[in-house]
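S.K.: Below you'll find the structure I mean.
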Amino acid sequence: VLSPADKTNVKAAWGKVGGHGGEYGAEALERMFLSFPTTKTYFPHFDLSHGSAQVKGHGKKVADALTNAVAHVDDMPHALSALSDLHAHKLRVDPVNFKLLSHCLLVTLAAHLPAEFTPAVHASLDKFLASVSTVLTSKYR
């Protein structure tokens, strides 16, 4: 459960992402594909090379979903319901992959926002991404 301090940290950190969300989302996806090659199996129709328009497009979708989650941090299950349905029923993404992408997002944010990425912010973002992952996998049951 996110504390009020966690919510403040997440909103402040995500606010610093600004217009770079799509770029950071794409970078996190590239990190995931390189570090965890089995995740590529969910994107057989994508050009997964560095700078690919498809990876950039999906990175923007990831960032937009996280922006939505930040904006609705007190009601993420409702805000992410359609996305949860999509990943559970149509795409059938293995839930472990959300943890892998979350890790890669944390690394990407730490690399781009070193001054803002304090231990407290790191912990808050980790809890937030774990909450998002929980919501996205809730329809698997």
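Each residue, glycine too, has its Cβ placed from N, Cα and C.
Dumping what Swiss-Prot says about this protein:
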- SER3: phosphoserine (MOD_RES)
- LYS7: N6-succinyllysine (MOD_RES)
- LYS11: N6-succinyllysine (MOD_RES)
- LYS16: N6-succinyllysine (MOD_RES)
- TYR24: phosphotyrosine (MOD_RES)
- SER35: phosphoserine (MOD_RES)
- LYS40: N6-succinyllysine (MOD_RES)
- SER49: phosphoserine (MOD_RES)
- HIS58: O2 binding site (BINDING)
- HIS87: heme b binding site (BINDING)
- SER102: phosphoserine (MOD_RES)
- SER124: phosphoserine (MOD_RES)
- SER131: phosphoserine (MOD_RES)
- SER138: phosphoserine (MOD_RES)
S.K.: Between the modified residues SER3, SER124, SER131, SER138, whose Cβ has more other Cβ atoms within 10 Å than any of the rest?
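M.R.: Of the modified residues SER3, SER124, SER131, SER138, the highest Cβ count within 10 Å belongs to SER124.
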S.K.: Out of TYR24, HIS58, SER131, SER138, give those recorded positions positioned within 10 angstroms of SER3 (phosphoserine), comparing C-alpha atoms, in sequence order.
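M.R.: Cα filter at 10 Å returns nothing.
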S.K.: Given the modified residues LYS7, LYS11, SER102, SER138, state which is nearest to SER35 (phosphoserine) when distance is taken between Cα atoms.
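M.R.: If we rank LYS7, LYS11, SER102, SER138 by Cα distance to SER35 (phosphoserine), first place goes to SER102.
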S.K.: For SER102 (phosphoserine), which residues of its chain lie six or more apart in sequence with Cβ-Cβ distance below 8 Å?
M.R.: ASP126, LEU129, ALA130, VAL132, SER133
S.K.: Looking at the recorded positions LYS16, LYS40, HIS58, which sits with the largest number of other Cβ atoms within 10 Å of its Cβ?
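M.R.: Selected residue: HIS58.
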S.K.: Any idea what the Cα distance is from SER124 (phosphoserine) over to LYS16 (N6-succinyllysine), rounded to a whole Å?
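M.R.: About 15 Å separates the two Cα atoms.
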S.K.: For TYR24 (phosphotyrosine), which residues of its chain lie six or more apart in sequence with Cβ-Cβ distance below 8 Å?
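M.R.: Within the chain, TYR24 (phosphotyrosine) has Cβ neighbours under 8 Å at VAL17, GLY59, ALA63, LEU105, THR108, LEU109, HIS112.
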